[in-house]
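Notes for the one structure printed next.
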């Protein structure tokens, strides 16, 4: 699956002030995803395993 990475509060994980390539590494390391990029202003991940939670508009609390 694909989607936005979340922080510990369930909000989209910001990449606003992160260096280039940060989101790819973050998605691979923390979400076990195949890749990711900064979809300004938040990290978007591809190939996320089904058991890993990604940000969902329906359950957004931010």
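Yeah, the Cβs are placed from backbone N, Cα and C, and that goes for glycine too.
Per Swiss-Prot, disulfide bond is recorded for 11-62 (among others), and the stated evidence type is sequence analysis. Counting only residues at least six positions away in the same chain, the Cβ atoms of 55, 60, 61, 62 sit under 8 Å from the Cβ of residue 11 (disulfide bond).
If you look up Swiss-Prot, you'll see 15-38 (among others) marked as disulfide bond, on the strength of sequence analysis. According to DSSP, residue 15 (disulfide bond) sits in a coil region rather than a helix or strand.
There are 29 other Cβ atoms within 10 Å of the Cβ belonging to residue 43 (disulfide bond). Positions annotated as disulfide bond by Swiss-Prot, on the basis of sequence analysis: 23-43 (among others).
Following the DSSP three-state reduction, the secondary structure of residue 45 (disulfide bond) is strand. Swiss-Prot lists 27-45 (among others) with the feature disulfide bond, giving sequence analysis as the kind of evidence.
According to Swiss-Prot, the domain 'LCN-type CS-alpha/beta' annotation covers 1-62.
Residue 62 (disulfide bond) falls outside any helix or strand according to DSSP and counts as coil. Here Swiss-Prot flags 62 as cysteine amide, drawing on similarity to another entry.
Listed in sequence order, the residues of the same chain lying 6 or more apart from residue 45 (disulfide bond) and placing their CB within less than 8 Å of its CB are 2, 3, 4, 5, 23, 27, 31, 33, 35, 36, 54. Each residue contributes its Cα atom, and for residue 43 (disulfide bond) and residue 15 (disulfide bond) those atoms are 6 Å apart.
Residues within less than 8 Å, Cβ to Cβ, of residue 15 (disulfide bond) and separated from it by at least 6 positions along the same chain comprise 22, 23, 38, 40, 41, 42, 43.
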